[in-house]
């Protein structure tokens, strides 16, 4: 070998004014001035200095790799102590995390809770609950065409008795206390347990009576509602039930105090464990959704582990090389450590700071791994483009100068898109965005420092031509006749392209340069691609208008959960009538005043005339009071008489006492009830909620409407607004980042265009894949906003930075450099998430579907649509590249540029065999 002396190298820093200048003809023609100014300006006043800063960072890392590794692991270990607080930060309460923060229903709930406390020890009524309450429920469906017969009701009576006799032991009791339903049930007058089904009370243990009595629907015996107890009813004359398909039993439990609430929970848990072995009906408890939701994480852990393994394995294997010196297996192996350090550091820091940890955050580590290995592929690709004869410091500087800005663009867009997502109204989305955005920031730092240190150490190994596994020196060249093929495969390596000085080209990289790039730049290929894009865009826009809104609570449980068949049967047989809504007067008013009374009646009639409200199924204490006053000739025309005679109303209708808040002879608040109907879809639910609130707002009397279901229905009023707001704000921020860091404003517009196009595509294909727009899919759309820019930004930046004279040549070079890394990154993510297709959890399947769409459309834009559009409409850079303002001046073997800073301290030579 001979000594090759590498001269000191330098990077053009220049003044800010020089950086922001347009590079092109120094004196453009008058006719070209306008287009030159707008199209050819390279807005690199940030990009160029930033690139030089990365070059300096590369040099620093090359000099002190071990110190940077030590610092990285020490910081991660220190911040990881925050995981001690994980149990305290876990919060998976569905009502808190999957309903809008500050939604109107939450304010309405607070008012109802403060003014109308539930009495479940003597005056219990389900319609007066302001929460779902504590209960267990059973749905029995007949195997014949009619459940209203003595044989079936004999079985139902046995079933009812079986449930009532279930008992559970209180583990906190020192005497082994048994918890029976009779001791825990919500009580009505008597005291006696609230009926599980009014028809069973009427039968009084004699099933033969069901065929003797006349059952009417929806009201039985003029006052008993059966809408929640008989399903699939066929009615004859005068609403007489001729036959029915399903019967529902509901067992309400007490929760007035902490002891009753805890004991009721114990009994419900015992019910859930016991009931499958004893009866063959669909069952449900008020705690079922929460428990099943919590269980989805545990059930998905094996699949998530496999997904991580697949992604990591592919990331490592795809960096294997046949050359025993240039092999990057160890580099890739250590490269996947950086995302792990980022997760430990960011999660530990946020847990220490008290940020809630929600189940949705469980998806974040996979995203961090995906982004981390994407950046790793870009950095390794840039390293392989450097001259192997240069010093390690020079190669690291070149690598970071080339890759640093590119991964900075994608990191900034990813991080900002997640931090923008914090503006949403859902706690689950906010927590996910905080954790993911912070982890991506740490991942960027660790990729530059920790992984960079590994790359520098590997560079030293390559420079001394050592084996990738055992680190012993090997020969670069041998005489063919002296050694076997096995020896040359295992003990000879370190060859490089003698013409370019670069590592030997990977076959996949050569494919993009020699075949795919020229094929894509063919005129007919471009025409076909444009036609394909028009079809893609049209189908995406159409699908975007078909997306459904709303969270289906059964989706929070696994597919095999007992919750699913219960909801299916409930929707099929008991959905004719919707929730019973409280209409509440929130201020003190003169109920005895005829004018006020008339205004209340006008409002109630407005509600009852609404298409989503039953006209004849309302409850009004005021109407009952007026009727009683008329019947018994009571005076209620002044305040004293009105208040004084209320007791007579409550003697006749004791349940109505719970609907009037009476304090010091003043009615502080009161409530009425209306029954909703015709709610066949999420659109109906949305319209019903908006119309009822609109009627309440338009009344002269101060009113609010409330049902516990409104807590979830509130999402309809914010989810589209939040999604559109996030997309618009994020797109604007993405454009700003692109225009600052991609040295051409029109190219920045193309990147923004690609972001919008991918988001529209993902939204549209959500409809085709039956994905609703809810808080879960909103999280994934936030992911889409950030990740949609990654591949397009890499290609655009490489295209603009290229110095070839024609757009076709520039895009072929861009694909040559980045085609394989983009393919690596996309395949590693898709192969990982595809494992989740077998998950029984809606959350993880939705994550899989949307990530698949994001990656697929991202690759489609980055490797197909955008390259073609840049060649068709990207000729604005041609004049800019005609001349370079930087003139090379030689001084004693050192290449210098105007306004440059020389790094003369670099090691001057290395030995090349």
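Easy rule for this one: first residue shown is 1, then count along the chain.
Any Cβ shown, glycine's included, is placed from N, Cα and C.
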Per TrEMBL record, range annotated transmembrane segment [choices 262-284, 400-422, 469-491, 492-514]:
400-422
Name the range, of those listed as 357-380, 723-742, 781-800, that has the largest tally of Cβ pairs under 8 Å with the transmembrane segment (748-769).
781-800
Same-chain residues at least 6 beyond the ends of the transmembrane segment (723-742) whose Cβ lies under 8 Å from its Cβ atoms:
43, 46-47, 50, 405, 408-409, 412-413, 416-417, 420-421, 423-424, 748-749, 751-752, 755-756, 759, 773, 778, 781-782, 785-786, 789, 793, 796-797, 800
Given the transmembrane segment (66-86), which of the listed stretches 299-317, 329-351, 357-380, 400-422 has the most Cβ pairs that are under 8 Å apart from it?
329-351
Three-state composition of the domain 'SSD' (781-872), taking helix and strand from DSSP:
82 helix, 1 strand, 9 coil
Across the domain 'SSD' (300-457), what is the average pLDDT of the model, as a whole number?
90
Mind checking which residues reach the transmembrane segment (329-351)? Cβ under 8 Å, same chain, six or more beyond either end.
72-73, 75-77, 79-86, 89, 312, 315-320, 357, 364-365, 368-369, 371-373, 376, 380, 434-435, 438-443, 445-447, 450-451, 454-455, 458, 468-469
Most Cβ pairs under 8 Å with the transmembrane segment (299-317), selected from 357-380, 400-422, 820-838:
820-838
